[in-house]
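Below: one structure, written as structure tokens.
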Amino acid sequence: MRTHDDTWDIRTSVGATAVMVAAARAVETSKPEPLIRDPYARMLVTNANAGVIWEAMLDQEMVAKVEAIDAETAATVEHMRSYQAVRTNFFDTYFADAVAAGIRQVVILASGLDSRAYRLDWPAGTTVYEIDQPQVLAYKSATLAENGVTPAAERREVAIDLRQDWPSALRAAGFDPSARTAWLAEGLLMYLPAEAQDRLFTQIGELSCAGSRIAAETAGNHADERREQMRERFRKVAQTLGLEQTIDVHELIYHDPDRAPLGQWLNEHGWRANAQNACDEMHRVGRWVEGVPMADDKQAYSDFVTAERL
């Protein structure tokens, strides 16, 4: 059960979800024609010791094993992996467009095991700020450093919970509010109460000059129903395969029916926003997977929101 002041490392609570996402990136990277390439994802997963079920996600044969038990769950596993690749690609492209427009200041909120500071081609003079729990940032930077991996940009850690005074910590790390910034909130908002989400974007607005950009992933209105269907199927399959589930992602999420649609909120608070539905984006890049629950309901899937400060 979440509390207002809970903390975590890479093996527990919200921190462990970063391992799951990194596992999906690792699987995608190993494909013959990957949509994205994250050469550090597998390393970050295997060194985390976050639980058997997360490492099992690295298994290329996992979908076939699950399919032998339940075809719809197998499709859902493949869809989840594909979704993570599409989401990563969308936001990689967002950053590429931002730096092409001359932006040299980047902030990744709740960065988890995001390795963009290491794997993307950043122009000279780019600074990437990563905000997350201290133990999560420490694990990532230590693991990569121990394996001889160095950042491709100036990387600065801001080790603080987003429920604390992170704007002051960000400024103390060298952030310049007068410079255009590209912000990212990927895989974050579902773990915040509605009030905290509004406060977060209010704070971002206060730190963003005209021409700054933001990108975020938001859940659809019917996402809870789809997640519940997936949860029950995953639980049954995990039991059959003998995989222990160390966390229940469903219990980490804030189920807030009054959460304001992010695109609308941004348009009303000094930004010009657009939203791309995840289903449409998966179809656009040829990575949609058939046979998943609620496939005909776009509101059961995420939106990728991008906006520019006016």
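Glycine is no exception: its Cβ is also placed from the backbone N, Cα and C atoms.
Listed in Swiss-Prot for this protein:
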BINDING   D132, D161, L162  S-adenosyl-L-methionine binding site
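Cβ atoms within 8 Å of the centroid of the Cβ atoms of D132, D161, L162 (the S-adenosyl-L-methionine site) belong to the same-chain residues L109, A110, I131, Q133, I160, R163, Q164, W166, site residues excluded. Remark: of the binding-site residues D132, D161, the most isolated position is D161 (fewest other Cβ atoms within 10 Å of its Cβ). If you take the C-beta of L162 (S-adenosyl-L-methionine binding site) and look for same-chain residues 6 or more apart in sequence within under 8 angstroms, you find L109, A110, I131, L188, L192, A196, L200.
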